[in-house]
Amino acid sequence: EDDFQFICCEGCHHKSPNLKLLTCLHTLCLSCLSKNKPVGQCPMCQTAIPQTSGMHNVLFTNLQARLEVYKKIIDGVNLFCDNCKKVGEFWCSKCKEILCTKCFKAHQRYLKSHETKSVMDIRAGSAKDFLEGTRRAVNLFCSNSTHGGQTVSIYCKKCEKALCCSCALLDSHHATFCDIRSETQRRQEELSTMNELLKRKRSGFEATYAALQDEAARLEEAQRETRELIQQRVEQLVRLIRQEEEELLGLVEARQEQGRRELARELQGVEGVLRRMEAGERLVEKMRLYATDQEVMDMQPFIKGSLEELEQLQPLPAGNRAQPGDLAECRARLQAL
């Protein structure tokens, strides 16, 4: 359960068949998105999210379905053959069916190429072993209905589409082919390379975040010291200058509130970027470990676009950051008292 918490909604931490991957690379269910206030912001990192952006997170949704099958096999409750309803003893990852011993023998006679494992072997293994087996069993199929569900094995670099052999032979517009496995591997490697670049860039944002936190602490300390000094001096004066005390305190609050708002805004922005980078790192890692070829083909362009957007971001230079409020006027008036 702990190893696969990442497939849940990052907002409510519940499993959902309707998970949406946002451009900030956080994954949320439709329920959390509908509760999001203000609308148009990611509740995890406060990044602006256009209403039409995002895509269905097919990786996490499919992992949920595959893990439900694994849990059913492990628990052994109501584990019956999908054909004759006898006690299930085998699992075919290709057909996605549970088979009894009799149906298994018939299955092996006619479908020898299918990878079938016994229920006992699955229980002896881990969830990751089961997912790896089902991952290998998933094939890409041609989207052309006239081709009878042929397996996709070719990628056209010109039109950037996966093709079956019939598509590649019959349509003369295609050119510069490569193996679909090579293309999915290239896309995985491209995501991994971008992820490594973002890891190196992340240190700059972490340094900025730490500097902003230190600056916020110094701002609070300066406010506290100034408040104490004002109160000590004002208490020594007669009632006739109590009004001056209130004016001085108000001036300090105004200056410090301005600086605090600026720092809070910058801290929120940098924290949002760091969360997006963390989400990207997790997603790319899970794609590398668990994504099928279909999932890579569907999701890689979208994830790549989001990672490219992150690459364009730069931490604010020290000179452009918000500065604490100026207390010089306050100190001058205090000295005059």
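Each Cβ is built from the backbone N, Cα and C atoms, and glycine gets one as well.
Per TrEMBL, the listed range annotated as coiled coil is 195-254 (candidates: 15-74, 75-134, 195-254). In the domain 'B box-type' (76-119), helix, strand and coil residues by DSSP number 11 helix, 11 strand, 22 coil. Remote same-chain partners of the domain 'RING-type' (9-46), defined as residues 6 or more beyond its termini with a Cβ less than 8 Å from a stretch Cβ, comprise 53-57, 60-61, 64, 268, 271-273, 275-276, 279-280, 283, 299, 302-303, 305-307, 309. In this model, the domain 'RING-type' (9-46) carries an average pLDDT of 83.
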